[in-house]
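K.L.:
Per TrEMBL, transmembrane segment is recorded for B:7-24, B:30-50, B:62-80, B:100-119, B:126-149, B:172-193, B:219-240, B:260-285, B:297-319.
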Amino acid sequence: MTEPVLRVQNICKSFGALKASDDVSLDLYPGEIHALIGPNGAGKSTLIKQICGGLMPDSGRIEVLGRDVTTLDTVARARMGLGRTFQISSLAMEFTVLQNAVLGALGARGKAFRFFGNVMKDETLLAPARRALERVGLEEDASRRTADLSHGQRRQLEVAVALTLEPRLFLLDEPMAGLGGGGSKALTAFLDELRHEAPILLVEHDMDAVFALADRISVLVYGKVIATGTAEDIRANAEVRRAYLGEEDAA
Amino acid sequence: MGRERMFNAAMVLALVLVPLWAWMTAEPFIITLATKVAILALAGVGLNIALGLGGLISLGHAAFFGIGGYAMGILASHAQTATPLMEWPFLIEGTNQMPVIWLVAVVASALAALIIGALSLRTSGVYFIMITLAFGQMLFYFAISWSAYGGEDGLSIWVRNEFPGVNTLDPIQFLAICYVILGAVLVFAARLARSPFGLALSAARQTSERVETVGLTPFRLRLTAFVISGAITGLAGALFADLNRFISPTMLSWHTSGEIMVFVILGGVGRLYGPVVGAALYILLEHLLGGVSDYWQVFLGVLLLLIVLFARGGLIGAITGREVAHD
Amino acid sequence: MSLILIIEQILNGLQFGVMLFLMAAGLTLVFGVMGLINLAHGSLYMVGAFAAAAVAGATGSFVLALIASLAAAAAAGAIVELVVIRRLYARDHLDQVLATFALILIFSEGTRWLFGSFPLFLEVPRYLSGPVTLPGGIQYPLYRLAMIVIGLLIAAGLFWLIARTRIGIQIRAGECDREMIAALGVDISKLYTLVFALGAALAGLAGALVGAIQSVQVGMGEPVLILAFVVIVIGGIGSIKGALVGALLVGLTDTLGGVFLPRFFELFLAPASATSVGASLASMLIYILMAAVLLVRPLGLYGGRT
């Protein structure tokens with residue numbers, strides 16, 4: 001069996017009495033989409049922060065591409081090839097759409113400490129930026145101000161910026177939110193292809209997308225992974241139905 | 001051509017016409033005022049790189065302005081008394097050559113900005129404001145107690161320093177020097193804003209988190225900007241000292257930091273010509289209101305308050321009708 | 001150097017420290033509760049001192065002068081909060097810095113306009129003047145001792161106010177969660193005005209107390225303001241305890257450094273250069289202290305948030 005691209009081993013994180021991550025383990029293999037689902041407050045955001053380097057686990061270990069990254073910061077993990085999107089959009093709102101994408105290309109190519117030359121005329125940055133925008137369907141909006149985009153478009157731009165990094169793995173935090181039916185379908189098709197470039201850890205509330213896309217699904221409840229398996233396994237899992245799908249039905 | 005572009009073109013024209021007018025009238029007073037505007041604008045352009053582009057609210061830029069000033073004062077005072085700065089471990093003599101003084105001023109203030117920045121950029125928000133202010137004040141008190149270079153009374157330089165091929169004693173020629181430097185730095189600042197570094201720095205101002213996830217360290221971007229910013233303000237300090245042929249701890253006082261910031265704001269934060277317009281407006285107000293009342297700063301205070309509360313784009317924003325967000 | 005000198009200087013440091021605390025307490029509350037940086041806090045210190053000097057001049061009563069300093073600074077604080085400051089809570093720090101810098105210009109030049117450029121003098125009342133003999137035979141000015149006592153009493157009162165009273169609970173809640181406190185039915189804008197006026201009154205009182213041993217003049221508040229910032233950076237934003245610890249640290253470091261550093265350098269330098277090196281270094285000592293705290297704890301000794 002091939003080595004996992006991402007391996008999370010037994011991580012724990014507590015805030016006072018609250019166990020936000022309780023002995024969480026999960027992994028991501030090349031070519032797969034691994035979906036992480038769970039009701040609100042299950043500890044998904046805390047887990048993502050620890051994977052990205054924004055938060056240090058109390059115990060446990062995180063490996064990216066076989067290397068222990070537990071003590072590395074966000075920047076180091078990004079340089080290793082972790083491309084993430086944010087649930088709450090963190091784009092530079094004053095920038096144009098293209099500028100945001102160029103920023104990604106700039107970071108990935110380590111050109112940030114060049115003090116001369118017009119960055120918006122540098123073809124080595126513009127080409128990957130345009131290509132990324134094209135792939136998510138934002139090429140028409142390249143010169144718009146990011147603040148003027150709809151919420152769905154901002155999600156698309158988030159994905160485009162992650163693409164410019166040419167990462168080794170993606171961590172997509174609710175990329176479907178605010179997209180609407182058509183957009184959601186288009187992005188589902190896109191992610192379906194994207195997994196062959198780099199595997200995707202997908203946090204998503206859109207269950208249609210999750211069950212359509214995920215090779216494996218992990219269910220997080222009260223900080224614990226209560227089940228990991230294929231869509232079929234998860235659908236059939238009694239504990240999941242009780243803890244999670246039960247709530248959905250009730251709602 | 002947008003209004004802002006037209007305004008910028010008008011500014012360039014004004015930058016050319018004012019000295020021409022000053023030269024035609026040959027009124028030393030006007031020439032001196034124009035020189036003062038150019039130098040203070042230069043200090044503002046420096047601050048604007050940290051403040052406008054980097055979003056770093058430094059209330060300690062007087063430190064760099066003062067260090068530039070003291071670099072001039074120290075070197076020139078040793079040159080005029082023909083005593084070396086130090087003899088051991090190697091001989092350092094004073095100098096009255098502007099290019100050397102400028103170099104020393106830039107290097108010294110960049111070094112100070114590196115140290116102050118490395119410490120204060122560990123924090124953000126109000127901490128950063130207070131810490132830059134405090135370090136500025138530290139140098140202020142140090143200068144006061146540094147009796148070798150005049151202490152509280154400051155230090156006079158008898159003759160303006162020299163620049164090869166230029167008669168610096170002629171006000172118009174000294175103005176020309178200041179103008180050329182201001183022009184060069186404006187070009188540099190404009191190019192910096194458009195450069196890859198400018199884009200990354202501007203992104204770090206807007207969203208630190210995003211910059212990290214594309215693999216860039218905001219701290220390094222900000223520290224670099226802070227050093228560039230401090231160096232430019234230090235160069236302005238050296239020129240200001242040469243204009244007055246006098247240095248004193250006042251150059252390092254936090255009021256100076258506040259005033260440099262006011263130039264930037266009066267003109268419009270984050271705009272290339274903001275500091276130029278702001279400095280010109282400030283000097284103009286000083287002379288118009290100062291003629292009406294000794295307490296003209298009350299009116300300046302009220303005006304500044306009104307601009308902050310109701311016209312956040314500054315004067316350029318009010319004229320071009322577009323705001324640049326700066327948060 | 002004698003033990004008496006050391007004790008005397010420690011008392012001086014304490015006296016300086018408690019006055020810094022009065023300044024820093026209001027500033028740190030305003031930071032913590034409203035998230036506002038107020039450069040004009042030093043102006044309120046000045047207002048207190050001028051009010052005290054004016055009232056003492058007219059009535060001859062020091063107690064009335066102190067009451068006047070509290071009232072005038074609180075009133076000035078409340079007015080400034082209502083007219084200017086409350087428009088700034090939602091603004092970024094840059095706007096706050098500029099607007100409160102503008103307030104300094106208005107206050108300073110306005111005061112110069114009213115009172116002229118010459119310093120006023122506020123006399124220590126007869127019943128507090130002269131030295132007092134402390135245990136161990138140490139002679140110490142009674143007035144300075146009274147300042148320490150008043151400062152410590154106010155510190156105790158402030159701790160009680162924050163820990164035990166309804167207002168204190170509201171202030172603490174306001175530091176944590178503005179919306180929560182509004183949802184609890186507390187009139188948040190009234191609370192803000194109150195906190196601001198309280199901080200102003202403390203600054204005004206400090207101005208009056210210090211005014212009696214220094215001169216009362218325009219700009220007197222600004223050096224103290226910056227020291228109060230150093231105190232807050234060391235103590236941590238929003239923490240009254242941090243303000244107290246930081247203020248005493250800064251007061252003691254500055255006072256003891258100023259006296260003993262030159263003597264220390266005399267041990268291995270010529271007297272003239274020892275004095276100048278010692279004085280230069282002493283003037284930087286508290287900032288070096290601040291830098292050291294920053295290296296170890298960027299959010300201050302008792303700070304948890306930015």
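Yeah, the Cβs are placed from backbone N, Cα and C, and that goes for glycine too.
The shown structure was predicted, so the numbers you read here are calculated from the model rather than taken from an experiment.
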K.L.:
Between the stretches B:7-24, B:126-149, B:172-193, B:219-240, which wins on the count of C-beta pairs under 8 angstroms to the transmembrane segment (B:100-119)?
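P.N.:
That would be B:219-240.
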K.L.:
Pairs 6 or more apart in sequence, C-beta under 8 angstroms, 3 or more of them: is that satisfied by the transmembrane segment (B:126-149) and the transmembrane segment (B:172-193)?
P.N.:
no
K.L.:
Using a cut-off of under 8 Å between C-beta atoms, tell me which stretch among B:7-24, B:62-80, B:172-193, B:260-285 contacts the transmembrane segment (B:30-50) the most.
P.N.:
B:260-285
K.L.:
Against the transmembrane segment (B:260-285), which of these stretches has the most C-beta pairs under 8 Å: B:7-24, B:62-80, B:219-240?
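P.N.:
Most Cβ pairs under 8 Å with the transmembrane segment (B:260-285) come from B:7-24.
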K.L.:
Taking residues 6+ outside the transmembrane segment (B:219-240), which of them lie with a CB under 8 Å of any CB in it?
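P.N.:
Distant contacts of the transmembrane segment (B:219-240): 36, 39-40, 42-43, 45-51, 53-54, 56, 58, 61, 63-72, 101-102, 105-110, 112-114, 116-118, 121-122, 177-178, 181, 185, 192, 197, 200-201, 204, 211, 251, 260.
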